[in-house]
Structures are given as structure tokens and as C-alpha cells.
Amino acid sequence: MIRDALQFFASLRTVSRFPTPFTFNQQLHKLTHAGCGDLSLKVLFAFVSKGYTPHPSACNSVISYLCKSSNFAYAERLLDSMPTFGCCPDIVSYNCLIDGYCRYGEVAKACLVVRSLRDGRLRPDLVTFNSLFNGFCEMRMRDEAFVYMGLMWKCCSPNVLTYSSLIDMCCKVGLLEMGLKFSEEMCKDGVFPNSVLQTILIDRCCKFGNLKVAFELYLKMEGGGTVLNVVTYSALINGLCKGGMLKEAEALLSVMLKRGVAPNLAVYTSLIDGSFKNNDFGSALKFISQMHENRINFDMATYGVIVSGFCANGRLSKALDVMECMSKAGLLPDEPMLATVMDAQFKAGNVVAALDVYQELLVRGFEPDVVTLSCLMDGLAKQGKLNEAREFFCKEKSNIVHYTVLIDGLCRVGDMSQVESLVREMQEAGFRPDKFIYTSWIAGLSRQGNLVEAFRIKKKMSQEGIQPGLKTYTSLIWGLVNTGLLIEAKQVLYDMLKMKIAPDHIVIGILIQGYLKQGKTDAMFRLQEDMKNKGFLFADHIGG
């Protein structure tokens, strides 16, 4: 293609006449389509300098190339120079510029070009608005899209591409209901969604957890005779897996196979992820095996799901084997995967191995993010290495998670004086203690027998609008029982019931052990009977 174009332009040096606009455009387009935009620009100016009057399409081809290369200053200069060449810019010229700006996120500049169009002789067309709406969608500029939607109706009617951009934008900014309304409106206007748009809607519904609407759209597609492709099935299966509906996902996989649609990498990744999260280890291994049988190569996302799944199920050695296979396939673990393995090593008590993983992360050039640092500090703190955890704490870069990790660690080792000062520091940094912090704080105080302070913190917690949970009440009851205050402990139990927080066998067990320790069997049996009358059937079991 390039050779033919170059030979054509070289042959013109030996003749005195100019080529026809059609032939010139055809050859010039060959150069731009082949990525030789700079050369096409030189050719255009060489002919213009000899007095040739190009067709606007020739200039538009070069403008489009310049915009795709983000050379907007040159593109605008060429557009402004077109009248001096004997040809005026048409709507395509401006659309090339508008589309270029939108593709590179310069939507405000694209809007200025549209405004200049409205002030001149040219009117924006459907292509103009579709480019704008694509830009608005990418930048999530909802209000601007609605303003230009009103302007569009004055110039032209929207088509399926217009509605696709609007619906996609609504879904991206969290307005799924509005996106569905646009879908209904377009049908009323006689514009019917194509399979791409229907798949987008199904995918967004699944991601918003609205599986009912997703399957209604799916059934409409089937009823309308649309041939569903792997992308549509992938969106539905992913939604089902994320919703914990693994059996339904497998049933849809069977439907998909019966209709001759082969599952792809995305489908299997969703099924493996869903299986691990449902603690269905066997199904996860089955789908991994099917991928091998179908010769589907794993990508980083699939490896990440498998490694994460093994780690979450306590199969650290399996996760390490998978990482070794991944390395042999030429893929190196990314930061999230390394953070997952580091966390798993800490939970397995392998502190040295966990720190080795962190060192690998640094050697690979990753800048530890909030999640990684949180895993590191939490792992060290839970292994009793609070001093080491604090070494990674940076007040200027800290967040609520980092403070929570340190406070929980201090509470575990009983260093309550430092807890109070750290909570104060956290509040000065603009963070408010959450339920987890208060629960850890109260548990630490209760373990030390400092019940006056524990109840003060509970009161403060309630005053800040945070309702104590089962763990908080369990800690208080344990503290009271441990100091022999059984009447007060029983009262806390009834306060808990008033708050409609159901006790578990641990809470009742703590009280029963307290009664047994003091030889108060009558009180123990009364508690059991009372709990039974209130519907807590584990009372008899504990008594036995």
C-alpha cells in the first residue's frame, strides 16, 4: 500500500498536470492509514505549494492523523489554513478535531470547537454529538451530557451509538435506573438496542447486583432472536458468581455449551473465583482442570484469582506452586498477588518468609500501597512484633487502617496507656475511631480488669452513634464474670437482648462457667431456662 502510494506521487514529478482530487485523496489516504501521517502531510504541502487545490477530504485525512497523534496545535493550524489552499473546512474537518480532543480527555476544548460551529455556517451533525457523548462518558460528565442532549434534538435525532454512550455513562456514574430508562426511551423513539448495547446493560446490571433485571434483558435478547455471544454469557456468569450463585452459574455454563458457545478465559476466571469464595474447593479445581483440557492459557487475572483462592483456603503451599508455574510461563507476580502471599505467610506464622515477600516487592520496584502496608503492619502486629510494625507507620501517610492495626495490636498485648494516646493522635489527624477500634479497646481493658474504663469507652462509643456489637458485650461480660460480678454480668446480657443483639453459646458459656465456679447451680439453671424461653436452644446443650 505504501509502495504504491509513493510510486504514484513520485511519477507526478515527470508530468505537468495535477492528479484528480479522487485519485489524490485515494493515494494520500493510503499513507495515513498505513501510519505514515507525517509523510502525507509533507506530500499535501508539497502539492499545495505548487498551486494544487486539494479536496477537503485530503486535508481531513491529515487532520485526523494529527489528532490521533495528539498533535492538536498542528491539526488546528491546518484546519485554519484550508481556505488559503482554496478549500473550506467541512463538518468532517471539525468532527476530526472534536473526536481527537474527546479521545484524549480534552472534552472542554471539544465543546469550544462545537460552540464555534454553532456560531458559523456549519451545523453539528450526529457524528459530532456521538464523539462528544463518548468523551462525556469517559470523563463521567453527566450534567454536560444532558445539556448537549437538549442541543442535539435541535440539530438531529440520536441513533443507537448515541444512546449507547449515554447509557454507558449513566451506569459508570452509578445511575443504573436512569440508564435503563434511556433504554426504554430509545425503543419508544424507534431506535432498537443492538447486541453490544444489550450486553453492556446486562454487564452493568450484574455489576450493580441487579441480577433480576440482567436476566430479564437476557430473556428479551433470546426472545428477540439475538444470537448471544461469549461476552454476554461472561457478564451473566460473572454476576452470578459474584452473587454467590454458583449452581446457577454452572447451569448457565451448560446452556452456553449446548448452544455451541465455548467459554473463554473470563468465564473460567469468574467460575474459579466464585468457587473459592463459596469455599467450594472441588469446583475450583474442576474448572482449573477444564482450562488445561481446553488449552486456555492463564493470564495475570486468572493466576491472581487462583493464588488468592488457595491462600484464603489455607493452601499456601499450593499457592506457591502456582506462582512457580506462572514464572515458568513468563509472568511475574504483581503487587496485589505479592501482598496476598505475604499476608498468607504471616497468617501461617512464617514471619521471615512474609518479610522476604515484602523485600521481593521492593526489589521489583513496587511502591507499597495502602493495602500492602496494612497487610505488613497487621501481620507483624498479630505476631507480637509491634515495634517492627510501628517502623512502617508514617503519620503523614497514615490512614484509618494503619491506626486500627496498631491500636488492635496494642490492645492484644495490653499496652492500654499507648492506646489512648494513639487514639488521640488519630483524632488529631482527622480520623474518627470506628466500631472495630472501640471493640478492641474495650476488650483490652476488660482483659486487664479495668471495667470502669471499659464501660466509659462503651458509653463514649454509643454517644458517637456507634452501636456496640456482640464482641463488645462478650468482652464486658467476660470481664465482669472474671472479677466475680455475676449479677452485673447478667444485667449486661439483658441489656444486650434489649438492643436486639442475640447472644451466642460463648456468651452464655462464660456466664455458666462463672456460676459453676461460685457453686451457684440454681442460678445457672434459671439462666438456661430463661434463655430457652427466649428461643435460644443452645441452653440445654451447654447445661449438658
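Cβ coordinates are placed from backbone N, Cα and C, and glycine is handled just like the others.
Residues annotated as domain 'PROP1-like PPR' in TrEMBL: 197-350. The repeat 'PPR' feature in TrEMBL is assigned to 55-89, 90-124, 159-193, 194-228, 229-263, 299-333, 334-368, 399-433, 434-468, 469-503, 504-538.
The predicted model assigns the repeat 'PPR' (55-89) a mean pLDDT of 89. Long-range contacts of the repeat 'PPR' (55-89) within the same chain, counting only residues at least 6 positions beyond its ends with a Cβ under 8 Å from a Cβ of the stretch, are 21-22, 24-25, 28-29, 32, 37, 40-41, 44, 48, 96-97, 99-101, 103-104, 106, 109, 122. In terms of DSSP helix, strand and coil, the repeat 'PPR' (159-193) has 26 helix, 0 strand, 9 coil. With a threshold of 8 Å between CB atoms, the same-chain residues lying at least 6 positions outside the repeat 'PPR' (229-263) that come near it are 195, 198-199, 202-203, 205-207, 209, 211, 214-215, 218, 221, 270-271, 273-275, 277-278, 280, 283, 294.
Broken down by DSSP into helix, strand and coil, the repeat 'PPR' (504-538) contains 27 helix, 0 strand, 8 coil. Counting residues per DSSP class in helix, strand and coil order gives 26 helix, 0 strand, 9 coil for the repeat 'PPR' (434-468). Remark: secondary structure over the repeat 'PPR' (334-368) totals 26 helix, 0 strand, 9 coil, with classes taken from DSSP.
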